[in-house]
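Here is what Swiss-Prot records for this protein:
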- 75: SUMO2 cross-link (CROSSLNK)
- 157: SUMO2 cross-link (CROSSLNK)
- 179: SUMO2 cross-link (CROSSLNK)
- 367: SUMO2 cross-link (CROSSLNK)
- 9-80: domain 'KRAB' (DOMAIN)
- 187-209: zinc finger (ZN_FING)
- 215-237: zinc finger (ZN_FING)
- 243-265: zinc finger (ZN_FING)
- 271-293: zinc finger (ZN_FING)
- 299-321: zinc finger (ZN_FING)
- 327-349: zinc finger (ZN_FING)
- 355-377: zinc finger (ZN_FING)
- 383-405: zinc finger (ZN_FING)
- 411-433: zinc finger (ZN_FING)
- 439-462: zinc finger (ZN_FING)
């Protein structure tokens, strides 16, 4: 078994360095990706509650100026009056890795440099690829032969995760107790009911509820935490998309979205569901998908009690109560609470149906619609009722069916008090009171209250006319 040693993790350990020559070779998209990776690693350290030195390289990246190395930052950050060392946890003996006199960084056999010690942030270091401790776990594929530029595109990046991160809740080294700790969100916002795992995240969020709101969008009134968040929000409203995919030309308003999209072209899907074998390009997608099998919906709306499998779905639902609609169609002016709803709506104007079935050539506007349609060809029915064993092609069909067992009828007619299991059934029923008949036969002009009656009429009365 590899002998473990303990040392201090520095910002440099999670930094990617470039020489001036390497930096000049990068195009704007690559430079933007570099900034995002560096800032993300910096924020991850800060989220642990660690006091970091005021690195001017971070300020430069926030201001989008031209950094290329953190070497100078490390020189400024060194403390000449302090010893640093690694301790053999088996023998208890310590050995210095930097003395007061020399004050030079020492790189160990694994290529990790010991520099400025960070309080409460220590790693256990072994000869393999896993570094773990009570506060931080570091999972890195380290290779001295990989250049910084290659590291960006090959995915050999540093990920920092701790007891307050949910990204790696299914990581094999975590115990059940640690996983349970990760899932807990003890910090709740009294204004909105939103919950957080990290104590520092709550005051950051509560800024949007305070009277002092300097970062407010003058168009919609939305308040964000900082100027970068306001700039990002403004790009959403204006439709600005500065990041372009070189393969297909698709544009994105965030560099992270571009990086995620590029996996479509490379076919990279490293995360696999053990239940059904489905693969995903991101671990967050896998975690969200697995809740289909476990039926887990931990995110509850404090207003109406509705539950969701992810916080993003809850956030989008919350806008129904607030009436907030951030996304506006430039064609017709219609506004939407979710970006995906706007994207779906825009396809109506363009008439685009990019997803085509290889079996019957039928085309669809959405990938999900194609996936559901293909189940008609392959007979796949992945959603099963635990009460009676009946299977369905769509989760919405399963949810609708389960109301038969529960007896739930949440949709009530305000006119006569009759209740229904589905909203569509209520809408059909209300036409009795309103007299509405929206389905008109273009052959004879007869009108119908229900689409099924209209279809039946065409087949029985005008079948010959329609076929000719």
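Glycine too: its Cβ is placed from the backbone N, Cα and C atoms.
Helix, strand and coil content of the zinc finger (299-321), in residues and according to DSSP, is 11 helix, 4 strand, 8 coil. Taking Cβ pairs closer than 8 Å, the zinc finger (383-405) reaches residues 292, 372, 375-376, 421-422 in its own chain, all 6 or more past its ends.
Against the zinc finger (243-265), stretch 215-237 shows more Cβ pairs under 8 Å than any other of 215-237, 327-349, 439-462. With a threshold of 8 Å between CB atoms, the same-chain residues lying at least 6 positions outside the zinc finger (439-462) that come near it are 428, 431-432.
Residues 236-237, 239, 316, 319-320, 365-366 of the same chain sit 6 or more residues outside the zinc finger (327-349) yet have a Cβ under 8 Å from a Cβ within it. Helix first, then strand, then coil: DSSP counts for the zinc finger (243-265) stand at 11 helix, 4 strand, 8 coil. Residues of the zinc finger (271-293) grouped by DSSP class, helix first, strand second and coil last, total 11 helix, 4 strand, 8 coil. In the predicted model, residues of the zinc finger (439-462) average a pLDDT of 85. DSSP states for the zinc finger (327-349), grouped as helix (H, G, I), strand (E, B) and coil, give 11 helix, 4 strand, 8 coil.
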